[in-house]
Structures are given as structure tokens and as C-alpha cells.
Amino acid sequence: MSFFDIEAQSSKGNSQQEPQFSTNQKTKELSNLIETFAEQSRVLEKECTKIGSKRDSKELRYKIETELIPNCTSVRDKIESNILIHQNGKLSADFKNLKTKYQSLQQSYNQRKSLFPLKTPISPGTSKERKDIHPRTEAVRQDPESSYISIKVNEQSPLLHNEGQHQLQLQEEQEQQQQGLSQEELDFQTIIHQERSQQIGRIHTAVQEVNAIFHQLGSLVKEQGEQVTTIDENISHLHDNMQNANKQLTRADQHQRDRNKCGKVTLIIIIVVCMVVLLAVLS
């Protein structure tokens, strides 16, 4: 092989490795994008849970609508425009699940935003209204020569306005307290609802685990029952085999005894014949 052939093979191998390296690099970049999308979705989910709670505010909703949701949408569009997402089954399945979760987060945010609108705080009355509430009095001198000054009370502002102002302030304080209590009760009910949902989820998971354990126990009991049945059948077969063996041994013993009897009779006959022949010869 010449030097040029070796160079041609090495260049061919390098040309085959370059596309593979490029594909692996693109796949890694796509995986990083999916991880970024998952992380931003988790941040969005965490911030959406604050809607309707004490930490809810205009700044929070502005951040969700102008920063978190657009960032997630931008990363999602980048992933969808990547060709490799349709060629890699695992990454495609992960992205599909994240995309479905992101859509549900958007719907949840819109629902919570409409369910918990932000309330504007009650502002105190203007200075003009407060001036109207206070009784207006003016000092007049009835007699220029007299040193006494009489107070003239305006008919449109009786002295009872002080009590009315106090009642109005009490009413405003009560309304503010009621609104604060209603918001606290709403937050408390929301927290209780979330905790109950989590408890129900945990109970459901525990029930599923218990069902799985009972299913496994049922399978084990069934297997043990089959094994016990097999052992019982084997014991029955062994008992039958032992009985058959005892019968065969009894028959063999009886047959051996019969053969021994026949041998003894034959031996006696032979002895008698020999004695008769011997006596005949001697006589």
C-alpha cells in the first residue's frame, strides 16, 4: 500500500467523523435548550403560585407577563425550529411533556389572574371633603362698643358633624379591616385548598402503593400456592411409588422363597436317587 492510499483512507475517515461530531454537538445543544426550558418553566410555576396570595403584586404580574412567559416562549420556539427534535425520540418525548406543562401553566395563570384581581387601596378623603365635614364657624362682633364676641354657627354645618365624621372614620376603618380580613381569609382558604390537594395527592399515591403491594402479595401467595400444590403432588407420587416398591419387594421375596423350596426338594430327590443307586451297586 502506497503513501497516497494511506492518506486517502485517513482523509476519508476524518470526513466520516466530522458529520458525526457535528450531530453530537447539535444534540447536546438541543438537550441544553430543553433543560433551560424546563428550568424556566419551574420558575414560572413557582411565581404563578403567588397569584392570589399575600405576595401577589403588580410587579409580580408584570414580571410574569413581560419576562418569564416571553422567555419560555422564545426557548420553546427555538426547540421547535430545531430539526433534530423530530429525530431523537427521547428528547422529543421530554419536550412534548414540557410543552404541555407550559401550556397548562399559561392557562392556570390566566385563570388565577381573573379569579384574583388586584384591589386598589382605599384612599382617605380629600382635604376639601374634610373641610366640608368640619363645622364652619365664624366669629362676629355683635356690638362694636361691646367687648364680647359671639360665635356664629353655620346652619349647614351643625355641631353633630363631629360625631358624623367620627362615625365615617370608624366605617372606613371597619371596611378596611373587613377587606383585610376577607383577603386574609381568601389567602387562608387558598392555602388550605392547596394543602388539601397535596394531601389528597399523597393519599392517592399511598393508596396506589398499597394496591401495588397487595397485588404483589397476591402474586406471591398464588405462586406459593402453586408450589405447595406441586409439593403435595410430589409427596403423593412418592407415597404411591413407595407402596409399589414394597409390593415388588414382597413379590420378589415370595418368589425367592418358592425357588428355595424347589431347590431343596430337588436336592432331596437327587440324594435319594444316589443312595438307591449306591445300595443297588453294593448289593
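Just so it is clear, glycine is given a Cβ too, placed from its N, Cα and C backbone atoms.
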*Identify the coiled coil range according to Swiss-Prot, selecting from 56-83, 84-111.*
84-111
*Ranges 28-48, 196-216, 259-279: which does Swiss-Prot label coiled coil?*
28-48
*With DSSP, how much of the domain 't-SNARE coiled-coil homology' (190-252) is helix, how much strand and how much coil, in residues?*
63 helix, 0 strand, 0 coil
